[in-house]
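S.K.: There's a structure below that I have some questions on.
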Amino acid sequence: MSTTANPTIDLGPGAHGGADHHDHAHDHDHGHHTLTGWRRWVYATNHKDIGTLYLWFSFSMFITGGLMALGIRAELFTPGLQFWQPEFFNQLTTLHGVIMVFGAIMPAFTGLANWMLPLMLGAPDMAFARMNNWSFWLLPPAAALLIISLFVPGGAAAGGWTLYPPLSLQFGMGMDLAIFAIHLLGISSIMGSINIITTILNMRAPGMTLMKMPMFAWTALITNYLLVAVAPVLAGAVTMLLTDRHFGTHFFKAVGGGDPVLFQHIFWFFGHPEVYIMALPAFGVVSQIIPTFARKPLFGYHSMVYATASIAILSFMVWAHHMFSVGMPATAQLFFMFMTMLIAVPTGVKVFNWIATMWQGSMSFETPMLFAVGFVCLFTVGGFSGLVLSIAPVDTQMHDTYYVVAHFHYVLVAGALFSLFGAVYYWLPKWTGNMYSERAGKFHFWWSMVWFNVTFFPMHFLGLAGMPRRIPDYPLQFTDFNAIATVGAFCFGLGQLFFLYNVIHTIRGGVGKAPANPWDSPTLEWEVPSPAPHHTWETPPDEALVKKGLVAQALE
Amino acid sequence: MTAATLALTQQRANRRLAIKLAVVAALMVGFAYGMVPFYNVFCEALGVDRARPELADTHAAAMRVEFDSNVSAGLPARLTALEPVVAGRAGGLIKAKFRLENLSDAPLGIRAVPSYAPERAGRFLQKLECFCFNALTLAPRETREVTVVLLVESDMPQELGAVTLSYTLYPLEENAHQEHPAT
């Protein structure tokens, strides 16, 4: 790995390979922790710095994608065309989807894993500190490609985030930029997941066996296995699109003997596990927060692990439930329908475990707990609407309507995003060394909770009444619910600026210094001081310390 | 073991695992491409209809003609379209074959009654030859191939897109008489 031997280098834990192989004219010989200013971030190899970068990046993408969502909602406030031409509206829906999925949710969970896993497992850093730097720094160029694509002739990709051919074969160069962005994001995800899996499997503290890891580590492990398996499939699918567009292949062109439906199969073979890539880490976060604030160990730890694993395995066998309307044989529809319904079983196990964890606990409702409980309630609503959609004959009716939009926003916003908010409030004291304002946090929660439902609940009705998704204009009878949803969306968006204010306020001191373990939680990340020093667990935690935490979690 | 050698062993183990995972990722790219031939084989094996080049010809308007077949209740016969989807071209001919089977041990008189969906498509598909023109009598357990030849009118409107031509088999009146030895 290293080509130069530098005896003066500080071989900090995690700085594998020793000398820096970027050959710069200036001298920075004492390891990464001496770097200041922009160099600290651009050359970052420390898992905490990289985690911070990931989190800020995903927040900025969240705001970007959120502004696009507001563009969509503004247009849909009343029937008729107000602000955008239909072409641009379609670009907004496409980029909103791509940016939120690949730019906001996924990097946020990778960032959390980066920040927290070494702390929770008692490892000095991630397994591959330099690769970690690269996985992060591929993200901003990918985001830039997506943003730039708005300004090229023909505009950005406009066929929806699923990039279905034949539309995606017909767009201008905006589509190529989106394809390259997805390539970069895919490479970044694969490297990130190799790093996370290796860290979890090889670098746990002595005494912490796999079945004694925090649930967050389990969900991160399984999620990243999913990513290693399916991110390359997406890369393959978009590469086929690219060669169909420019190099005369006919994977998806019926003229040359290909089939556009084949793309849907390949895409959803990636796309369905992707759903769980965004959901499982949320389960992990909630499984850390709920036991802490219920002051009880997680109920059914083992069943939680098995449920997570079975969700992951089942996720490979249900992809065609996104395609019930393409004309599959009835036998295939039944197979995918029953497999999909089966996923409700392990998911139900999880929901009941969370409820059982809270049962007779001495609960308190600090902001992280509010978000976690909000998650359990609303994610279950999204799960039920998913169950409705899993029924093939119902889905033939609801396919591509606002019911689907309502469903996946319940699982992605109230699911993944709420868990991320919960995680940020939960670990902010550890990250910044300061306590956030509980009043402000609670306000953020209730504000989000109310306006989220105002935005997305009416979409169920719109979908049931037959409003198709991805349309810039609609018949008059859909006006009222659309107007309500738009008001909700703008208020929800405003509330997220308040979240930004909360975080900055906490970084600047918040309401006072945070103790090392403000929540009295038994996992290892609370054993290091707050704020977490730049280097932690340079010597692994001793077995007694690990054992103490495991006993408190009822794992030993 | 000293701390340094311990770190080295760990590093080596990490690298081994990373290489394994990278190999899995590379294989999964291959899997994505492997789905292409697999898809073709799968569609063929299951008889699933897939996109066809002859229907995607952008130079000449192509009409998708689907053949559907039904048998009236209780009739011991089977009618199968040998090629259920064909491409029609304005001014061109369509020749489709069906397999007709008598599943009973007695001779069977039948007649096939055609219908179109959408109905107006009937105007643009002219039957030059059809097994539905005549009443047919099948010997016991007989299997027979029958043909339909259609002329697509040259003024076929492009927006028609797809047409379903459905045949339903009905028993002939005589059947009833044959089956009753009394008559």
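Just so it is clear, glycine is given a Cβ too, placed from its N, Cα and C backbone atoms.
Below are the features listed in TrEMBL for this protein:
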type	residues	note
COMPBIAS	A:18-28	compositional bias 'Basic and acidic residues'
DOMAIN	A:32-544	domain 'Cytochrome oxidase subunit I profile'
REGION	A:1-28	region 'Disordered'
TRANSMEM	A:53-74	transmembrane segment
TRANSMEM	A:94-115	transmembrane segment
TRANSMEM	A:136-157	transmembrane segment
TRANSMEM	A:177-203	transmembrane segment
TRANSMEM	A:215-242	transmembrane segment
TRANSMEM	A:262-286	transmembrane segment
TRANSMEM	A:298-320	transmembrane segment
TRANSMEM	A:332-356	transmembrane segment
TRANSMEM	A:368-392	transmembrane segment
TRANSMEM	A:404-428	transmembrane segment
TRANSMEM	A:440-461	transmembrane segment
TRANSMEM	A:481-504	transmembrane segment
S.K.: Taking contact to mean three or more C-beta pairs under 8 angstroms, with sequence separation of 6 or more, is the transmembrane segment (A:440-461) in contact with the transmembrane segment (A:368-392)?
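M.R.: Judged by the Cβ rule, the two regions touch, with the required three close pairs present.
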S.K.: Short question: most Cβ pairs under 8 Å with the transmembrane segment (A:481-504), which of A:53-74, A:215-242, A:262-286?
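M.R.: Most contacts with the transmembrane segment (A:481-504): A:53-74.
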S.K.: Give the one range among A:53-74, A:177-203, A:262-286, A:332-356 whose Cβ atoms make the most pairs under 8 Å with those of the transmembrane segment (A:404-428).
M.R.: A:262-286
S.K.: Quick one: mean pLDDT on the domain 'Cytochrome oxidase subunit I profile' (A:32-544)?
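M.R.: Result for the domain 'Cytochrome oxidase subunit I profile' (A:32-544): average pLDDT 95.
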